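Positions annotated as topological domain 'Extracellular' by Swiss-Prot: 1-25, 76-99, 155-196, 259-271. Annotation source Swiss-Prot lists N-linked glycosylation site at Asn5, Asn165, Asn265, citing sequence analysis. Among the features that Swiss-Prot reports, transmembrane segment is placed at 26-46, 55-75, 100-120, 134-154, 197-217, 238-258, 272-292. Annotation source Swiss-Prot lists topological domain 'Cytoplasmic' at 47-54, 121-133, 218-237, 293-310. Under the heading disulfide bond, Swiss-Prot lists Cys97-Cys189, citing sequence analysis as support.
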Amino acid sequence: MNGGNHTSMTELFILGPTEDPTFCIAFFVIFLGVYMVTLVGNISIITLIRISSQLHTPVYLFLNHLAFVDILYSTLVSVIMLMELLEHELALPVAACAAELCITVLFGSSECFLLAAMAYDCYVAICSPLLYSTLMSSRVCFLLLGMSYVGGCMNGWIFTGCLLNLSFYGPYQIDHFFCDFSPLLKLSCSDVSIIGIIPSISSGSIIVVTVLVIAVFYICILMTILKMHSTDGCHKAFSTCNSYLTAVTLYYGTITFIYVMPKSNYSTEKNKVLSEFYTVVIPMLNHLIYSLKNRDVKDALRKAIVRVYT
């Protein structure tokens with residue numbers, strides 16, 4: 001990082017979710033439980049998709065990668081947060097902090113693109129079922145996956161590049177539970193009038209574009225569903241859309257508040273709560289929302305259990 005005329009910063013101290021020792025143990029138990037549920041649930045989804053031939057379809061390929069992203073994302077944030085709760089304050093080298101910021105933004109942005117890709121898959125399946133094998137070929141699927149990760153990488157590099165161009169002065173304490181851009185910005189002695197808004201513009205663009213893509217696809221899906229004469233077909237389509245839209249609303253709602261809304265609109269504590277929700281809780285909810293309400297996944301799980309015990 002550019003140190004300017006100030007003392008060069010070599011490490012940062014992350015204060016964690018709370019500075020009250022009374023709550024540290026309770027928070028540790030809660031977040032450890034949430035992390036274990038996230039880990040076991042998403043690993044189970046990945047394993048089930050791999051071993052069940054009936055789930056070897058594009059939608060479950062995207063779900064497989066969504067689970068993979070959630071595992072890495074929640075692991076990176078949760079492990080550091082649990083260490084903070086045990087030690088009440090965690091010292092991280094600047095390079096490690098920059099790497100954490102880059103990786104969390106990378107996977108968070110990739111998740112936005114994956115959700116948009118899943119919306120496209122649902123659109124093709126409902127609106128153009130006869131062309132599904134052509135429009136969702138292996139080549140198209142891997143292209144969508146590649147674009148998701150490349151888009152995430154670009155946003156991660158933008159955040160990290162802005163961070164590395166800031167100058168800092170002590171005390172080097174981050175009032176947060178991971179190396180997020182907004183708390184780091186408060187430590188800077190640089191002019192942040194431009195650098196401070198670049199990440200918001202970048203993240204805001206990703207959110208707006210992917211939300212518009214999802215909205216267009218689901219308007220088309222809704223119009224197609226309303227034209228259906230089969231009650232069972234309508235019910236199945238609405239059920240699929242309902243679980244997806246629930247996950248989308250939760251995810252996009254929180255990241256919009258954190259990365260797009262003006263920082264003066266909410267307090268540090270509210271920022272912490274929102275960040276905990278989308279970095280720790282949402283990865284746990286995703287596999288529950290997508291899987292437990294999905295008939296194909298439940299059937300595949302039932303068959304897998306039967307194979308194990310017979």
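Just so you know, glycine gets a Cβ as well, placed from its N, Cα and C.
Since this is a predicted model, take the numbers as computed values, not measurements.
Feature annotations (Swiss-Prot) mapped to structure.
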| residue | record | DSSP class |
| --- | --- | --- |
| Cys97 | disulfide bond | helix |
| Asn165 | N-linked glycosylation site | coil |
| Cys189 | disulfide bond | coil |
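Per-residue confidence over the topological domain 'Cytoplasmic' (218-237) averages out at a pLDDT of 77. Among residues of the same chain six or more beyond the topological domain 'Cytoplasmic' (47-54), those with a C-beta under 8 A of the stretch's C-beta atoms are 60-61, 63-64, 296-297, 299-301, 303-304. For the pair Cys97 (disulfide bond) and Asn165 (N-linked glycosylation site), the Cα-Cα distance reads 14 Å. Below 8 A, the CB atoms of the transmembrane segment (26-46) and the transmembrane segment (197-217) form no more than two pairs separated by six or more positions in the chain, fewer than 3 in all.
Between the CA atoms of Asn165 (N-linked glycosylation site) and Cys189 (disulfide bond) there is a gap of 11 Å, rounded to the nearest whole number. Between the transmembrane segment (55-75) and the stretches 100-120, 197-217, 272-292, Cβ pairs under 8 Å are most numerous for 100-120. Listed disulfide-bonded residues: Cys97, Cys189; maximum Cβ neighbour count within 10 Å falls on Cys97.
Under DSSP, the residues of the topological domain 'Cytoplasmic' (293-310) split into helix, strand and coil as follows: 14 helix, 0 strand, 4 coil. Each residue in the topological domain 'Cytoplasmic' (47-54) gets a DSSP state, and the totals come to 7 helix, 0 strand, 1 coil. Here the topological domain 'Cytoplasmic' (121-133) has Cβ contacts under 8 Å with residues 58-59, 62, 217-218, 220-221, 224-225, 237, 240-241, 244 of the same chain, all six or more residues outside its ends. Sequence-distant neighbours of the topological domain 'Extracellular' (76-99) (same chain, 6+ residues past either end, Cβ-Cβ under 8 Å): 1, 9-19, 21, 24-25, 27-28, 31-32, 34-35, 38, 107, 160, 163-164, 173, 177-179, 184, 279-280.
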